[in-house]
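Encoded as structure tokens, here's the structure I'll be asking about.
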């Protein structure tokens, strides 16, 4: 069995296993159940991926995946659990220094077991619908996972834990099926699994956070007591409320349209233009109701805002008006001239679109690095606002809402590549989240100063230099069928290391005291660079998370 697995290892799988081995090597004995679970998950996902990528497998009968991409099951299954273990290792260091409380350790453990439960359940589901692996082996892995989980959380009520695991796993399976069927040929299984895991954890955290504010629930659940002990910032609460509100808004709008059409169905004739305008009015009215009434009401419930949350945002922005407004003006100027220039180039130039898109990666560096060093809290809020705008524009584009739907679709098509489709455009989301997630995950204590810069360094500098150098000077390819070159990968790794050398003195000048481990930094940069070279998945989504988790070690 071991020999056959080794024969099936390709470049991407080897790099992912190196990523897991690096995390396990740094895991202390106090996290032994988590380390065993991550190891079991990796082996299980590897077996499923090997069978799923076989030419004779019938997986295509169930899901239409993105053309040209492998299944990506191994990378999609281990990325978020690996991030959670790395954060646990970092939090244990902080706990030893009395920088964080035990509640935060317990909270991160809950997040890890939630992510692992989701991935294990999805893998078992894949084994059931298509006989990749023996179903008895799959169920044995799931039972062993439950044993590890209950041993790690022995003090928790068994019934509560079983219900918690089943809810996360069942919800993830249903959501994965819905994503793959609603947006066919838009993503691989690994990419869909990453999105599914993140969304289920995010929604589950919101529900638990809400229930923790209800005294009857709070008194009956240790899990909610832990969540209640975690201090949430106003910015985090606002971002979570707005993002989740926009994610569930299409469902709310769908039922609003059905209700409106039921009242207007008695009309014998219906002009198409007037119908589209009225449908758009329903859309904007529903959106205003969601963002101005429903979402702020939830924010007021879970966090003791002294004023309306929208007013709190204005108060926060104008608390230091010169710094905030100057930064906003700088961003607007950079975005305006960059978008205008590259949009015209994309229409008139024969330059490959993938290279034009790399200029936006460089623009992300010039925009985000100064803000992250000098205005990190304002940058958190700005990331949330930008993500909300992107979500709203994508909803308008998909639903073809008058009068912006066609214009947004035409504009966004100028920046798409082979990983996008007319049905769903994800590149701008992945770039924004790739830069934002390491920053959001680093909120609070961090003794690794480069960890918040993981997305900016890997995407804005490493990925960009690898593409440009590889396209212009690359000769030696990593594989016969791929386009990635050894020269490009070397340039990406070298440029990230050089950027780290230049960035550390700036951080030291701002008063940041830290201990740097150069060997760990070189290993982190090398593994993330090799992953960019080998993976066929959406690298903007995976590489920043992998790089972030390695920088935390």
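Glycine is treated like the rest: Cβ placed from N, Cα and C.
So TrEMBL says this about it:
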TRANSMEM  72-89  transmembrane segment
TRANSMEM  110-132  transmembrane segment
TRANSMEM  144-167  transmembrane segment
TRANSMEM  179-203  transmembrane segment
TRANSMEM  238-260  transmembrane segment
TRANSMEM  281-299  transmembrane segment
TRANSMEM  311-339  transmembrane segment
TRANSMEM  359-375  transmembrane segment
TRANSMEM  381-402  transmembrane segment
TRANSMEM  423-443  transmembrane segment
TRANSMEM  490-509  transmembrane segment
TRANSMEM  515-534  transmembrane segment
Under 8 Å between C-beta atoms and at least six residues away from its ends: which parts of the chain pack against the transmembrane segment (381-402)?
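Tertiary neighbours of the transmembrane segment (381-402) are 235, 238-239, 242-243, 246-247, 249-250, 253, 276-277, 279-280, 283, 287, 313, 316-317, 331, 371, 408-409, 412, 423-425, 428-429, 432-433, 435-436, 439-440.
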Hey, which of 238-260, 281-299, 359-375, 490-509 has the most Cβ-Cβ pairs under 8 Å against the transmembrane segment (179-203)?
238-260
Using Cβ atoms and a strict cutoff of less than 8 Å, what residues sit near the transmembrane segment (490-509) while being 6 or more residues removed from its termini?
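Residues 369, 373, 449-450, 453, 457-458, 461-463, 465-466, 468-470, 516, 521-522, 525-526, 528-529, 532.
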What same-chain residues lie close to the transmembrane segment (281-299): Cβ under 8 Å, and 6 or more beyond its ends?
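Sequence-remote neighbours of the transmembrane segment (281-299) are 210, 237-238, 241-242, 245-246, 249, 252-253, 256-257, 260, 305, 308-310, 392, 396, 399, 401.
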Mind pulling out the one from 110-132, 311-339, 359-375 with the most Cβ pairs under 8 angstroms to the transmembrane segment (423-443)?
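Between the candidates 110-132, 311-339, 359-375, the best contact partner of the transmembrane segment (423-443) is 359-375.
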Within the same chain, where does the transmembrane segment (359-375) have neighbours whose Cβ lies under 8 angstroms from its own Cβ atoms, ignoring anything closer than 6 residues to its ends? I mean 6 or more beyond.
323-324, 327, 330-331, 334-335, 338, 342, 382, 415, 431, 435, 439, 452-453, 456, 459-461, 463-464, 503, 506-507, 510
So what's near the transmembrane segment (238-260) in sequence-distant terms, Cβ-Cβ under 8 Å and 6+ beyond its ends?
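Distant Cβ neighbours of the transmembrane segment (238-260) are 199, 202-203, 205-206, 209, 278-279, 282-283, 286-287, 290-291, 294-296, 298-299, 309, 312-313, 380-381, 383-384, 387-388, 391-392, 395, 399, 440.
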